[in-house]
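Take a look at the structure below.
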Amino acid sequence: MPYLEIVLALLVLSFQLGHSDDDSGMCMAKEPCSEAPQQETKVDLYKATDNKYVALIQEALASYEPCQQANCSCHADVLKTDLRPFKGGISEQMVERARSYGTKYQIVDHRLYRQKDCMFPARCSGVEHFIKPNLPHLPDMELIINCRDWPQINRHWKQEKLPVLSFSKTDDYLDIMYPTWGFWEGGPAISLYPTGLGRWDQHRVSIKKAADSWKWEKKKAKAFFRGSRTSDERDPLVLLSRRKPELVDAQYTKNQAWKSPKDTLNAKPAQEVRLEDHCQYKYLFNFRGVAASFRFKHLFLCRSLVFHVGSEWQEFFYPSLKPWVHYVPVRVGATQEELEELIEFFAEHDDLAREIADRGFEHVWKHLRMKDVECYWRKLLRRYGKLVKYEVKRDHSLVEVY
């Protein structure tokens, strides 16, 4: 029986016992209980906080329907939603007005062309890697692909909606999401990944291998985080780590903007930690960076319990991951006390933590394969191409890529 069902059964039983008028055969609180174990469990199953979290998990599971492992169907609704503002078609004027918001690409006669000046060459290269296999099957089209961290087209602007592709956004933006270049190359560059985090296909293998060597029973029952101080949203966890190092190991690393210990909350910068080495911990925290976190998808591969802070920033695959089903949601601005309560709840309910961790791993392993990323790119390009309502003429200021 799943751990959640056991917990719920005990909660119901305790309620029934506490409200029974028939005390025959029962050990009452004021009587000696020779046959009843003094401590049936290490956990107080009747705390209000326990009831709160169990109820949230129960509610999430009751409404959850697993998606099918075919044709990147888990993410189909995201593409439909993103393209809906352009159901009337994409005009040449719309693309021209959008040009300043990203890098211009053309597909003409199954060849790919790009404007000469790419702000982030590795990012453009990552994008082009996913476009290339689709060229033989695509109609002529023009695309404005934003390779910056930040989305571009605010939905509250009164101007015409413009078709700009971005890897990440919030609900305030109308950008069309595409799977980030970082699935192949051009992700965040740190000392451990000097050319930038990429090759999702390879990391899937290496991190899973590390996870296999750190079975749940062997993992350290600690919350873990390593990253730079891109925002103060991360401060409470780092401060909790300093106050309760037996519960949390969260430290700031140095980034390019680091000037003094103030930039790491008055502490010496910690060393960066390989993604594979995260797997030795049971609880892994994810925070947004400038936009959505490149770390997020990798954490699930450790088969550890992922605590995801904030729900504002999205990538194309985020909506398929459900809070309390695949990960533990944490509100932005959670205090040290709130974080401590949440971590301790799962430390006391180890089987429940493991069930969520397993579901998170299985979902990412089955529905965020490289073939799913390629599938999403294919569907995006084909459906976008059908919306283009003008004859695309070769722009000779662009350079041929493929």
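Placement of Cβ uses the backbone N, Cα and C atoms for every residue, glycine included.
In the disulfide annotation of Swiss-Prot, Cys375 is paired with Cys72 out of the candidates Cys72, Cys74, Cys118, Cys124.
Matching Swiss-Prot disulfide entries to the candidates Cys74, Cys118 identifies the partner of Cys124 as Cys118. Noted from Swiss-Prot: Cys302 is disulfide-bonded to Cys279, selected from Cys147, Cys279.
Swiss-Prot lists a disulfide bond between Cys74 and one candidate from Cys33, Cys67; that candidate is Cys67. The binding-site residues shown are Arg226, Ser228, Thr230, Leu275, Ala292; of these, the one with its CA atom nearest the CA of Cys302 (disulfide bond) is Leu275. Here the candidates are the recorded positions Cys74, Arg226, Phe294, and by Cα distance the one nearest Cys375 (disulfide bond) turns out to be Cys74.
Within the same chain, residues at least 6 positions away in sequence whose Cβ sits under 8 Å from that of Ser228 (UDP-alpha-D-glucose binding site) are Tyr252, Thr253, Lys254, Asn255, Ala257, Trp258. Among the recorded positions Cys67, Asn71, Cys72, Cys74, Asp149, the residue whose Cα lies closest in space to that of Phe294 (UDP-alpha-D-glucose binding site) is Asp149. Largest CA to CA distance in the UDP-alpha-D-glucose binding set (Arg226, Gly227, Ser228, Arg229, Thr230, Arg234, Val273, Arg274, Leu275, Ala291, Ala292, Ser293, Phe294, Arg295): 21 Å, whole number.
Cα-Cα distance from Asp149 (active site, proton donor/acceptor) to Cys74 (disulfide bond): 24 Å (rounded to the nearest whole number).
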